[in-house]
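Beneath this line is the structure, given in structure tokens, with notes to follow.
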Amino acid sequence: MNILTVKNLTKNFGGLCANSNVNLEVRPQELVGLIGPNGAGKTTLFNMLTGVYEPSEGEILFAPNGKEIKLNGRKPYKVTKLGIARTFQNIRLFTSLSVIDNVKIAMNKDVKSGVISSILRLPSHYKEEARMEREAMELLAIFHLDEKADELAGNLPYGEQRRLEIARALATKPKLLFLDEPAAGMNPQETAELTALIKEIKQRFQVSIVLIEHDMSLVMKLCERIYVLDYGKVIASGLPEEIRTNKRVIEAYLGEEV
Amino acid sequence: MKNWFTKNNIRWAVFTVLVYALFQYLISVNIINSYYQVVLYNIGINIVLALGLNLIIGYSGQFSLGHAGFMAIGAYCAGLVMLKVDGTVGFLAGIGFGIVMTALIALIIAIPTLRLRGDYLAIATLGFSEVIRIAITNMDDITGGAAGLNNIPKITNFNWIFGVIVISLVLIVNFARSSHGRATASVREDEIAAESMGVNTTKYKTLAFVIGACLASVGGALYAGNFYTLTPGIFGFMKSVDILVIVVFGGMGSLSGSIVAAFLLGLINMFLNDYAELRMIIYSVLIIVIMVYRPNGLFGNKELNINAIFKRKGGKRS
């Protein structure tokens, strides 16, 4: 069974159709690429899948534990609680908070101690704080950010901010992870490191990953299947080799031959 | 329990006791005479109000201009109870009654208004605060209308004010330095990202708003127990602005900043009393100058570091 099934998803902004009849499937533990020229509707699709936008038509079915749940109309934080996490195209860290606090905030949804317990500093508060501290440091260590745990997130160099965003998303313990242009603005060496990191994440955290990316070397190296979006529609899908030689995809990127 | 007695907490406790002793001494030898005491109590009440507003504006990032409204609810609830029940019991019951009423009303106000952002939220909260004031003015039978409540027993004293400030501070700091406080701060930082990380932003905005309003209510109760009379006119728009100025001046998100700012502005106001006509002009110019040179407020979003103070005093180092 698919972990994510998208059926005929459509989003209209007034008269503008950002996505129309998008069908998409993600299988458990799969790494799926989503590519397309700028303005093709990739990020809009992500926003619908994570609850930021409500779809105009169509269905989003998410099956974290073998049972399909309809995601339409759920708020983003409820979608996240079900097991979907994401990063953002233009990094959206909590810049004036520390690196470790960024990660701990993503753990807030599973916190067992209530507000009263925190205000009165009851034992359950200390227990939960100690657990979060430990788990957050473990997570940061995987991303080589543990030594910068107390720095402000906004003061990290660009590449580390990108890594922290992924770490923060993973702190929500997702079953399905959306990465929106994780390699944007990175140099070739950083991109190579990121490629290895994404592979490692998939193994270690047992997540399915959908990634939007313009860097073709990364997409072709990593993705098991690729969907190509153009003008809001899926124009092609398949294995990387198939996409590479697909005529419609080449046209979408390079224009038609005259 | 052992978690309570960290080195840092003990230092703060010692510092608090020292401050308390210092003020008590100054009062007992009459350096802080009865005139200065009035000023001091006013500053103390403003601190309680500013701490609550700082939680709303500085921590959760919601711009509220309705603080005087919640203060009015607290003051009137406490005043009414104190007129019926004498002494400390009446005062405590009044504070409690005020907190309950304020929490309920703040909750009702929060649900529609916290969907708004920035300027719109400010205007909506300002409107609600005026609604509260006008409602109090028109409930003649209960509140005495425009003439207000009279002969409220005076119970507020330095111990009450100091105690309330310390308790408020401890509760706010405990809240802020917990998972829930971090979630609240994430709403201020980036609401969309917070929501995408599983933070129920509506819940935390409402929580901060209600806790802040409750502190305003306690400040109002202290006010009621201090001045014998209450009239609706006290709780107008300018009262909200006064508190807002303290919060912005001290630094949004800095509790120690709010305290220092409340003191400075209170003292400036006191010294300017001699220049009756020029008072507001000098006050305004001073604030403009300070905000030009320190646009993030006196403390920015930083807090006073107790360990730094102890080191400077030559105390024990950690």
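Including glycine, each Cβ sits where the backbone N, Cα and C put it.
Since the structure is predicted, the reported quantities are computational estimates derived from the model, not experimental observations.
The transmembrane segment annotation in TrEMBL covers B:12-32 (among others).
What TrEMBL lists as transmembrane segment is B:38-57 (among others).
TrEMBL lists B:64-83 (among others) with the feature transmembrane segment.
Distant neighbours of the transmembrane segment (B:89-111): 66, 70, 73-82, 125, 128, 132, 153, 155-156, 160, 205-206, 209-210, 213-214, 216-218, 220-221, 224-225; these residues of the same chain sit at least 6 beyond its ends, with a Cβ under 8 Å from one of its Cβ atoms. For B:89-111 (among others), the entry in TrEMBL reads transmembrane segment.
Summarising the annotation, TrEMBL assigns transmembrane segment to B:157-176 (among others). Nonlocal intrachain contacts for the transmembrane segment (B:157-176), taken as residues 6+ away from its ends with a CB within less than 8 angstroms of a stretch CB, comprise 16, 20, 23-24, 27, 37, 40-41, 44-45, 47-48, 51-52, 54-55, 59, 91, 184-185, 211, 215, 218, 222, 225, 255, 259.
The feature transmembrane segment is assigned by TrEMBL to B:206-223 (among others). Panel annotation: around the transmembrane segment (B:206-223), residues 41, 44-46, 48-49, 51-56, 59-60, 62, 64, 67-68, 70-78, 91, 94-95, 98-99, 101-103, 105-107, 109-111, 114, 156, 160-161, 164, 168, 172, 175, 180, 184, 230, 234-235 of the same chain, lying at least six beyond its termini, place a Cβ under 8 Å from a Cβ of the stretch.
What TrEMBL records for B:243-268 (among others) is transmembrane segment.
A Cβ distance under 8 Å defines the sequence-distant neighbours of the transmembrane segment (B:280-296), meaning residues of its chain 6+ beyond its ends; these are 245, 248-249, 251-252, 268-269, 272. TrEMBL lists B:280-296 (among others) with the feature transmembrane segment.
Residues 39, 42-43, 46-47, 49-51, 53-54, 57-59, 65, 67-68, 165, 169, 172-173, 283, 286-287, 290-291, 296-304 of the same chain lie 6+ residues outside the transmembrane segment (B:243-268) yet bring a C-beta within less than 8 angstroms of a C-beta in it.
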